Amino acid sequence: MKRSKTPIFFAKVIGFSFLVGALTTLLDGGLPVPFSQLGVAAVTGALIGAGCIVFEATFLSNRSIRWLRKVPIAGIVLMRAVAYTVIIVVSLVLPPWVLFGTARWLEPGFLFSFWLSISIAAAISTALELYQLLGKEASLAVFTGRYRRPRLENRIVMFADLTGSTALAERLGDLRFHELLGDVAYDLDEPIADMGGEIHRYVGDAVIATWPMTKPDQFEHALTCATAMIEMLETKSDAYIARYGQVMHIRIALHCGPIAAGEVGAWKKEIALLGDTMNSAARIEGAARDFGVDIILSDTFQARLPKDVQARLHRLPDYAAHGKHDVLRLWARGLDARCETNGL
């Protein structure tokens, strides 16, 4: 989520929780409801929403707390469930006690509310972890059945590949190299999320992300994301040198077009993206290596960008990709066009 949107998201969560608290009282007691009771319920809901979102933002989603990334999912579920339970119980008790001096914990129904809070907190925590494990796309697809049958969709496709990965793997060894890939994927996740992208999957040392082609500005967002990903690794260069002995670099290819999306697998479900667009994106990423550029764009993608952005791009020589009948027309950022044609 963009930092500039965080306060707006925070306000929406609190507002929604405020309304849910009030609505719960209306549904439970019916009309008429004393204004004081309605107000307490609304404040209780707002406190629960604010407490949970603050806990997520400052602790579980705090990217600077590295040790959390090594905690098993069961541990994260437990921590979130305990925290949510405390937040819910305190929110249920505090408003009536502060406003009216009512000791709600002495009421007969409080024990039921306490155990209900634990159940709700555990359910929410488990759902959130499954959502993060599967990803937004797969999670929604599983519950809605969107991709039970393959369907054609128009998407922007990004292939981002770690440069020099073979030499890195040989030098670091399998386990350390795996840690490195985890750190790189973790750092690249932020700009992709900020720019509205969806990580489709990790393939070895590569990241595949997509954007819907529903809005014209998505193309510029994807290009901005590519630049931000490279800059992210540059800002983390000292940390990578300290941990792995060198700076990390990536090559990024951007393409767009129709893809076939659908569920595959039975016990382990996955959303597969297939078609010429995916194959071409992989070939274009290979061209980035041959041309020596860090961001490379297909002609189809370039044509969808605003004119002022197109003016900052440089046309590369036609590229004959393996397995492709027609040559590829490719573009790079002006500063990246340092390649020699080498007869291509």
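Placed from the backbone N, Cα and C atoms, the Cβ positions cover glycine too.
All TrEMBL annotations are machine predictions without curation.
Noted in TrEMBL for the protein shown:
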- 7-27: transmembrane segment (TRANSMEM)
- 39-60: transmembrane segment (TRANSMEM)
- 81-100: transmembrane segment (TRANSMEM)
- 112-131: transmembrane segment (TRANSMEM)
- 156-285: domain 'Guanylate cyclase' (DOMAIN)
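Taken together, the residues in the domain 'Guanylate cyclase' (156-285) have a mean pLDDT of 91 on the 0 to 100 scale.
For the transmembrane segment (81-100), same-chain residues at least 6 beyond its ends with a Cβ under 8 Å from one of its own Cβ atoms are 36, 40, 43-45, 47-48, 51-52, 55, 59, 110, 113-114, 117-118, 120-122, 124-125. Broken down by DSSP into helix, strand and coil, the domain 'Guanylate cyclase' (156-285) contains 66 helix, 40 strand, 24 coil.
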